[in-house]
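Engineer: Structure in structure tokens, see below.
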Amino acid sequence: MKQSRIMLEYENSGELKTKSIDLLDLDPSTDVNALVEEIQKAEPLITASRSDQVKLLIQRLQNKLKQHSNHKFYLFKVLRAHILPLTNVALNKSGSCFITGSYDRTCKLWDTASGEELHTLEGHRNVVYAIAFNNPYGDKIATGSFDKTCKLWSVETGKCYHTFKGHTAEIVCLSFNPQSTLVATGSMDTTAKLWDIQNGEELFTLTGHSAEIISLSFNTSGNRIITGSFDHTVIVWEADSGRKVCTLIGHCAEISSALFNWDCSLILTGSMDKTCMLWDATNGRCVATLTGHDDEILDSCFDYTGKLIATASADGTARVFSVATRKCITKLEGHEGEISKISFNPQGSRLLTGSSDKTARIWDAQTGQCLQVLEGHTDEIFSCAFNYKGDIIITGSKDNTCRIWR
């Protein structure tokens, strides 16, 4: 079920307060008038004079839920992006442009609509492996390289603002904080580092893992960061001090993914031990172990509301779990090779998977039905993503091409 919320802001004796109203049962067929009447009964804050405003809001939300849910994707462009293999692809928020990293030591910025190359970001002395936009702003790009440095670039000019030096081994993951004031980098040297975007200085080194860090992410408020490591653990850190908050111990093999849900209350970790674990973000306690896969978990994610979890495995299947019940809701079966990437569309109604069988697939998140197979790549797909609207998909493959679908 897609969860939508309305946030009410109001003043109470000069103090600004907020109240959140859940629209749990909102779907494209909901009777909006009846829903608003119900809300009014439960919420004295919503007076008759405000009810039209609320109606309008709900109608807009409802239209968003309707949008793109039955969208059929067609191949729009094939880009032979680099001569040497691609490492990663990433879209900006709107999907108007995207970036590709490569073994050719560059990152390229592309215009999605025309397929034209906008900039080649040159300067690294080895493979450009980890790449990211500072979404939602989208005016900066960070690139992490096997040359042990991270570079910060201007989207507009393609010029390099800063080179962050300090790691003693390859950088394999990176992320901007949501406020776009910091970049975090994770390295094979077992440390993560936080860098100041403004002045290019190193702020903190996060030391505590005993093996390579292969995944890191901030929570949505930007005050916490998590690092996942080959040492089988995940560590939660304070972003503004670099202090270790807690270590999540429980997996018995390498970590493949680690991320927060939207309201920052839960952490999801996926591991080569064939399980995902769900942790209470405040105290680091494991609250559930999600089992059922017959091989390593290669990727996992929450939907935007944090009601659903999706897992992708080397066993060639994906699964959807309910966060509330921790039970498997549906199995996605059809790929003929391992699934290395999985993500929800922003509406939460669809899942996108990329596989070594050279296809990406779109699935109904509730029923597990395969709705579309995106065919055409001639080698394994290692990267696939929706834009924020959910009407553009980009796939990156070992065949050295990117495909844009819309």
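Glycine residues also receive a Cβ, built from the backbone N, Cα and C atoms like all the rest.
Unlike curated records, TrEMBL annotations are generated automatically.
Sharing the record's features from TrEMBL:
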type	residues	note
REPEAT	79-120	repeat 'WD'
REPEAT	121-163	repeat 'WD'
REPEAT	164-205	repeat 'WD'
REPEAT	206-247	repeat 'WD'
REPEAT	248-289	repeat 'WD'
REPEAT	290-331	repeat 'WD'
REPEAT	332-373	repeat 'WD'
REPEAT	374-406	repeat 'WD'
Engineer: Compare 79-120, 121-163, 248-289 by their Cβ pairs under 8 Å to the repeat 'WD' (374-406) and return the stretch that comes out on top.
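Structural biologist: Comparing 79-120, 121-163, 248-289 against the repeat 'WD' (374-406), the winner is 79-120.
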Engineer: State the non-local partners of the repeat 'WD' (248-289) in its own chain: residues 6+ outside its ends, Cβ under 8 Å from one of its Cβ atoms.
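Structural biologist: Non-local partners: 211, 214-221, 224, 226-230, 232-236, 295-302, 304-306, 309, 311, 313, 321, 323, 326.
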Engineer: Six or more residues beyond either end and a Cβ under 8 Å away: which residues meet both conditions relative to the repeat 'WD' (290-331)?
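Structural biologist: Same-chain contacts beyond the ends: 1-4, 253, 256-257, 259, 261-263, 265-266, 268-278, 337-344, 346, 348, 351, 353, 355, 357, 363, 365-368.
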Engineer: Based on DSSP, tally up the residues of the repeat 'WD' (121-163) by helix, strand and coil.
Structural biologist: 0 helix, 22 strand, 21 coil
Engineer: For a three-state summary based on DSSP, what are the helix, strand and coil counts in the repeat 'WD' (374-406)?
Structural biologist: 0 helix, 17 strand, 16 coil
Engineer: For the repeat 'WD' (79-120), what's the mean pLDDT in this predicted model?
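Structural biologist: Summarising the repeat 'WD' (79-120) by its mean pLDDT gives 94.
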